[in-house]
Amino acid sequence: MSHPALTQLRALRYCKEIPALEPQLLDWLLLEDSMTKRFEQQGKTVSVTMIREGFVEQNEIPEELPLLPKESRYWLREILLCADGEPWLAGRTVVPVSTLSGPELALQKLGKTPLGRYLFTSSTLTRDFIEIGRDAGLWGRRSRLRLSGKPLLLTELFLPASPLY
């Protein structure tokens, strides 16, 4: 199963450097804290609509593969993050199987819990980079994060109803 927003997320083209954008846009695109928390600060109830979750092989993650260790399998999670039931963000998380050990096994058991609720409670979370991307007038970003030094890649597409616009 797929969703048009996830297809558009995979079509994002990334800027080589941070573009000169309005401060309000950059505030959203370069946010280093939890996007879930930011959405809740808008006075909204945040929920997750699961699109796809499970193990995939390298051929299913061509966009992410250059940014992650080469492994036989990856945990893929594709969701819509909704505010009061309205989709505001499409998210795609790719986790190398080697990351899924110790406390990070919890990444496979998030279910309808927003990823940010897990990530941003960890004292071992670090971020290698944020890249800004755009496709058909919509903005997105991707970040390589690390939990206990172990990588995962998070890509987010801000949907038209999002307060970013």
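Every residue gets a Cβ built from N, Cα and C, even glycine.
Owing to the predicted nature of the structure, the values given are computational and were not obtained by experimental measurement.
Copied from Swiss-Prot, the annotated features are:
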type	residues	note
BINDING	Met35, Arg77, Leu115, Glu156	substrate binding site
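What Swiss-Prot annotates, mapped onto the structure for a quick look.
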| residue | record | Cβ neighbours (10 Å) |
| --- | --- | --- |
| Met35 | substrate binding site | 24 |
| Arg77 | substrate binding site | 21 |
| Leu115 | substrate binding site | 22 |
| Glu156 | substrate binding site | 26 |
Inset, instruction - Excluding Met35, Arg77, Leu115, Glu156, please set out which residues of the same chain place their CB within 8 Å of the center of the CB atoms of the substrate site, keeping sequence order. - result: Thr36, Ile79, Leu81, Leu89, Gly91, Arg92, Thr93, Pro114, Gly116, Leu154
Legend entry - Maximal Cα-Cα distance (Å) across residues annotated as binding substrate, namely Met35, Arg77, Leu115, Glu156: 16
Inset, instruction - Tell me whether Met35 (substrate binding site) sits in a helix, a strand or coil according to DSSP. - result: helix
Inset, instruction - Name the secondary structure element type, per DSSP in three states, that contains Leu115 (substrate binding site). - result: helix
